[in-house]
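Residues or ranges marked as ATP binding site in TrEMBL: G12, T13, S14, I15, D16, G17, L18, D19.
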Amino acid sequence: MSKELYIGLMSGTSIDGLDACLIDMQNGKPEVIDVDSCKWSEAEAKALHELCQSSSDEIEKEGKACVFIAKKQAELVNHLLSKAELKNEDIIAIGTHGQTVRHRPKLRFSKQLDLGPLTAALTGIDTVVDFRAADLAAGGDGAPLTPAFHQMMLKHAYRDRYILNLGGISNLTVIEKGGKVLAGFDCGPANTLLDLSCRVLFNEPYDKDAKIASTGRVRKDWLYELLTHPYLKRDFPKSSGREDFNENTVKKYLNLVKNQEASGADLLATLCEFSVKAVIVEIIKIKEHFKNLKEGDLILCGGGAYNPLIKQRFEEYCRNLNLNVMRSDEVGIHPAYMEAEAFAWFTYMCINGKPIDLTHSTGAKYPTILGCLCPAPNGNFVKSRLK
């Protein structure tokens, strides 16, 4: 049986780098063949962070960013192909999420910077982009998209499963035993406020292994204030982004630290606790809403899954919730590449005209085919039309 190879590309709200995952779909379920990643340069990351907020000359900046994103994507794909000893004609399609700079579901749009035709031209591989638009058109929030992937890969016959992606924003998928998705939504910030504070206060991209946060103490007064954020009071389905959680959220605390009136380590410790508590509050609500949920597993993925302090706090809270806490690599999925793998699968679904049902997670009125195809000059789409 010939292989059916797809590549997924993902850059999350943390803007720390670009991930790639190569999968084989010949058996109808993703089998990871290889993975790769690269960092954004300091200048690239700065440009992307700036585009997450309104500023002057945005159209010019956006255009330039789309070009360097496409070039970076092509470089990573070509490196992955070399690493896996494959040629571009071996790949059916690439799926790229792009870089989210605005997420405004109430206004019916979500903006991911990308340039699919350029990625397709530079790789010679058909490229699928703009995965959120169809869901938004169907009345959904356009996020989170991963619950359908979580359901396929991680459902369990006898245990309830809570899949928690800890990227810039935390998103939770709730799957009852047997495999039905009950809910999927964004809980609040995971790494975005932590990384922002680390950049501002310590000139570091993130707090590796929570080394700084572990030396601080949780400021209960700050935590209480953070937990009153309006987003946390909204019912699911819901989705979030930097529009809700940004520098304004922590500006007061950053200024206190800068003025030497408070500790930076205390702020990071408090933000770790906030990230955990925002999820735990939602899990408690879910268990109250769906009375049939009993014992289960909380499966962590994304960059935050590697934060030992966050994992420890989840373990402590979940003892009273009958939930076993584990990382996704314990069930066969690399925590750092789960989203890239998901987008490779979304690409397979798009190319094969298969709708994805996100009605329980995004609020879409009906299942949709996610993504828009940008054919490469000599890619599979063109070749199929010449037969």
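Using the three backbone atoms N, Cα and C, a Cβ is placed for every residue, glycine included.
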Cβ-centroid neighbourhood (8 Å) of the ATP site, G12, T13, S14, I15, D16, G17, L18, D19 excluded: M10, S11, W40, G167, G168, G303
Candidates G12, G17: member of the binding-site residues with the richest Cβ shell (10 Å): G12
Candidate with sparsest Cβ neighbourhood (10 Å radius) among D16, D19, the listed binding-site residues: D16
Packing count at S14 (ATP binding site) (other Cβ atoms within 10 Å of its Cβ): 22
